[in-house]
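**Q** Not my notes, these are from Swiss-Prot:
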type     : residues                                         : note
ACT_SITE : 181                                              : active site, nucleophile
BINDING  : 148, 149, 170, 171, 172, 173, 181, 260, 388, 393 : substrate binding site
């Protein structure tokens with residue numbers, strides 16, 4: 001992976017505009033497209049209430065070719081019936097037509113409030129004047145335009161060989177992806193073998209976006225896409241996978257630390273599991289525990305809540321509490337040792353000091369085998385409750 005300052009990938013253009021989805025008049029409509037043919041890899045939500053955007057995208061990426069995506073923020077267009085499906089098709093078709101592309105090469109993604117129709121009159125008015133954007137780049141504008149309750153845009157750039165990879169993402173709530181993420185779009189001018197591109201993309205997504213959880217709620221609109229137009233030539237697949245992992249992990253940490261009302265990033269490192277799947281399961285159980293989340297928020301060195309959360313994995317009968325080790329940062333808190341009152345006070349003080357940081361690391365060694373997985377989340381605050389209790393009001 002190159003250390004040079006990454007630039008914009010060749011051949012990608014961005015258009016953003018306000019079309020009435022957002023109440024504050026900000027840009028809420030985004031088109032990201034490649035001027036050259038591109039291969040595409042994508043993963044989507046497994047929600048049984050998936051929106052029409054997800055359904056249309058699944059169909060479009062089946063042949064591994066796509067040139068772009070239109071993103072509508074502040075309206076999920078989910079649970080909107082036949083009208084919502086027809087509106088999604090109309091928007092996608094109109095964008096493709098404006099750019100002179102086959103409809104099947106344009107994807108569509110939506111995010112925001114569920115159960116509301118698109119404001120089609122204002123969208124149609126904007127689509128009448130849509131054309132290819134002038135000049136390459138604009139990913140920073142796209143990262144901002146796709147936001148909903150995010151407090152900041154999320155963008156990352158990485159150089160790999162002679163190519164550039166850019167990633168943007170949104171999402172801070174309703175976030176526990178299942179083979180997808182919230183909305184994440186990667187664009188690269190690297191040339192990749194389509195089959196290998198798909199394999200490495202799925203591997204990276206599983207280790208990054210599928211490892212983050214804010215509130216255990218899986219979105220109906222989760223979509224992650226990688227476009228590769230090849231204008232920079234071939235790159236080593238292994239190097240590209242490393243670059244993609246670096247970019248995706250940076251976005252994951254940014255999402256987790258920007259969780260609705262969040263003040264702290266929580267990283268749970270599970271080792272010594274029977275396999276990686278067990279490690280992931282234990283890590284998710286810990287990072288999703290409201291008691292663990294609130295303890296982290298309050299800097300309360302109540303490490304027993306982590307032990308409680310591990311114990312909830314009752315189907316994992318090979319977990320033996322006498323073999324488990326728990327630590328906060330570098331401070332080992334379990335198994336218990338005969339320390340004396342002063343030593344116990346010092347231990348709690350050391351844990352509390354670690355919890356006062358912006359990033360909290362909880363380490364768990366199950367001492368069963370060599371399975372390992374790291375998951376990411378955030379603390380639970382009054383801000384989360386306030387924001388979600390007033391979301392549509």
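Keep in mind that glycine also has a Cβ here, set from the backbone N, Cα and C atoms.
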**Q** Please classify the secondary structure at residue 148 (substrate binding site) using three-state DSSP.
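**A** For residue 148 (substrate binding site) - judged by DSSP and reduced to three states - the answer is coil.
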**Q** Which of the listed binding-site residues (148, 170) has the least company, meaning the fewest other Cβ atoms within 10 Å of its Cβ?
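**A** Lowest Cβ count within 10 Å among the binding-site residues (148, 170) is 148.
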